[in-house]
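Q: Below are the structure tokens for one structure; questions will follow.
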């Protein structure tokens, strides 16, 4: 199917160097709040790219759950495919596609596990059904039917029928520690504005990139 004629021009205000915060995480927070205020559906949804030992790129959508100057945090099963790839190659890229604002943010960096205390704090805040789900799913493993999954849910509900549900030892968070962050603003005629922050020691350099 030829879809080459699917296009639209971007009618966005420009992004200039003087409008940028010197700290890319502060700049990200500004844009994140813009996306949330604009009603972007799940503005914390991000594409997570990883590569394992075989060199084959992998990609999936996950949810950002916390960010600060130390990095960007998401949670998953430590037995999942993404976790295996991060063990083999602890580097990743993130993409926030805020299409409704003609914006996107790309982040590249090293990846580390968060502390057990951080994982427990977030796990304890999750709805009970999601906590059960974390115990049930052997993420990325083959299962022969949906019925088996629902059977495991029923078993876990009986097991944890009262009291708090403990944090699984195989579940927790990762932090992407940024080394590069790019802010992209769509402009007319595909002459977009792109600014890249590159970590230099304890600070950042900012440079404009050609579209």
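Heads up, the Cβ atoms here are built off N, Cα and C, so glycines get one too.
According to Swiss-Prot, the protein carries these features:
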- 60-65, 75-76, 81-82, 104, 139-140, 184, 194: FMN binding site (BINDING)
- 65, 122, 126, 130, 190, 191, 192: substrate binding site (BINDING)
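Burial and contacts for the listed features, if you can.
A: Sequence-distant contacts of residue 64 (FMN binding site), defined as residues of its own chain at least six apart whose C-beta falls under 8 angstroms from its C-beta, comprise 44, 45, 46, 72, 73, 74, 94, 96.
Residue 190 (substrate binding site) is surrounded by 10 other CB atoms, counting those within 10 A of its CB over all protein chains shown.
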Q: Distance check, please: Cα of residue 62 (FMN binding site) against Cα of residue 192 (substrate binding site), rounded to an integer number of angstrom.
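A: That comes out at 27 Å between the alpha carbons.
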Q: Rounded to an integer, what is the Cα-Cα distance in Å between residue 75 (FMN binding site) and residue 130 (substrate binding site)?
A: 12
Q: Can you tell me how spread out the substrate site is, meaning the largest CA to CA distance among 65, 122, 126, 130, 190, 191, 192, in Å?
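A: If we measure all Cα pairs in 65, 122, 126, 130, 190, 191, 192, the largest is 43 Å.
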Q: What does DSSP call residue 130 (substrate binding site) in the simple three-state scheme?
A: helix
Q: Sequence order is fine: just name those binding-site residues in 122, 126, 130, 190, 191, 192 with a Cα within 10 angstroms of residue 60 (FMN binding site).
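A: None, since no candidate lies within 10 Å.
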